[in-house]
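Notes follow once the structure below has been shown.
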Amino acid sequence: MLTCEMRESALARLGRALADPTRCRILVALLDGVCYPGQLAAHLGLTRSNVSNHLSCLRGCGLVVATYEGRQVRYALADSHLARALGELVQVVLAVDTDQPCVAERAASGEAVEMTGS
């Protein structure tokens, strides 16, 4: 059974992970499947070392896992439940602030979508 302290610790780790826009961008990218740090860096327009630092934080928070393939490391969300939970969390946040359309909806409509973060 989860104690209050365990729940608080889990929420604090999640909050730490989501507090940084770059980590949020990495999590969103990983919703599409496993990636190598170099792929994430190229996709997000960041340096590989920056991405690696953020991936280290996300691993420490328990949100991503690393799989070693020789000298390369690929990253994925830690659990399929996490992918669903992140999707639900986004929907809840958007439901609270209805003036902020979903990025995917804006992109589908042809509206320019700017992704920020470093």
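The backbone N, Cα and C atoms fix where each Cβ goes, and this holds for glycine too.
The domain 'HTH arsR-type' feature in Swiss-Prot is assigned to 3-97; the stated evidence is sequence analysis.
Here Swiss-Prot flags Cys57, Cys61, Cys102 as Cd(2+) binding site. In the three-state DSSP classification, Cys57 (Cd(2+) binding site) falls within a helix. Annotation for Cys57 (Cd(2+) binding site): spatial neighbours Arg16, Ala17, Asp20, Arg23, criterion Cβ-Cβ under 8 Å with sequence separation of six or more.
According to DSSP, the secondary structure content of the domain 'HTH arsR-type' (3-97) in residues is 63 helix, 13 strand, 19 coil.
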